[in-house]
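Annotated in TrEMBL:
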type     : residues : note
DOMAIN   : 98-183   : domain 'Potassium channel'
TRANSMEM : 27-56    : transmembrane segment
TRANSMEM : 93-115   : transmembrane segment
TRANSMEM : 121-143  : transmembrane segment
TRANSMEM : 155-175  : transmembrane segment
Amino acid sequence: FFSTVLFCLPGFGMTTPATVGGKIFLIFYGLIGCAGTILFFNLFLERLITVIAYVMKSCHERQLRRKGVLPHNSRRGSGTSEVDSLAGWKPSVYYVMLILCVASLIISCCASAMYTPIEGWSYFDSLYFCFVAFSTIGFGDLVSSQNIKYESQGLYRFGNFVFILMGVCCIYSLFNVISIVIKQSINWILKKLDCRCCHRCQRKLFRSRRNVVMPGNVRSRRNISIETDIVNESDTDGRRLSGEMISMKDFLASNKVSLAIMQKQLSETANGYPRQMSSNSKQNGFSGGVGALAIMNNRLAETSVDR
């Protein structure tokens, strides 16, 4: 019972180590035990979601077989097939929350039915104890298994262990799911509060500030560069010519575009408008090439023909 209270984190405080050796042992013992118990809680939630997804997929396959859409012999295929995959069958967080609520309520009611006659508490006090213990609050005003002797004491201690473990497991998982629902609700509220006026104010602020680092996707217009006569995807080139600071991403993108344009211009200069060369130039061994090498080869070919 002490290990259950320690690992499941209620912390009633009715049993504590008294010696220095016991306290040192408790630190390492509790460190490993609490970490393993929390891992068990997380795995329980993952397996619960997997079971719900499997049940949903099985029900959907049964409906398809009744309608004749899915053949009966395709119940078990390869492990990587689309039918056997559970990737598209993730249950909604609200379904998981509802199932955990029902499971926590059932466990609490069953545990209260056990605590009421054995401990002599009222049913409401037993429910109160279940919530305080299962939620790991652990006030310590009501603690089970503290009498000297019970009827069927071994069975009662085993039932106490099972109820505390499963109750804390369900409540812990329920808290995680509720936190996800709260986060989704807050995001929904923030999206509703986000009005068009805020976007207009941000646009005015970006337009009024100069010589600052601005993201490339702030302006949606496609500007045409005067020097290259091509369409720029962002405002990077214009800002670079005006002396404005740009981000590293825009800087690298503009360098790639400039390098491509330079290679194209060199290629057109070398091969795009070739002169009429005589047959002697071909015999000299000078080929066209690409880029700066092409310019040099053509120049050497011209001088060799002149000579």
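A Cβ is built for glycine as well, from the same backbone N, Cα and C atoms used for every other residue.
Here the transmembrane segment (27-56) sits against the transmembrane segment (155-175); at least 3 CB pairs are under 8 Å, leaving out pairs fewer than 6 apart in sequence. If one looks beyond the transmembrane segment (121-143) by at least 6 residues along the same chain, the residues whose Cβ comes under 8 Å of a Cβ in the stretch are 5, 8-14, 104, 107-109, 111-113, 115, 163-164, 167-168, 170-172, 175. Assigned with DSSP, the residues of the domain 'Potassium channel' (98-183) fall into helix, strand and coil as follows: 65 helix, 0 strand, 21 coil. Residues 48-49, 52, 121, 123, 126-127, 129-131, 134, 144, 156, 159-160, 163, 166-167, 170-171, 173-174, 177-178, 180-181, 184 of the same chain sit 6 or more residues outside the transmembrane segment (93-115) yet have a Cβ under 8 Å from a Cβ within it. Summed and averaged per residue, pLDDT over the domain 'Potassium channel' (98-183) gives 92.
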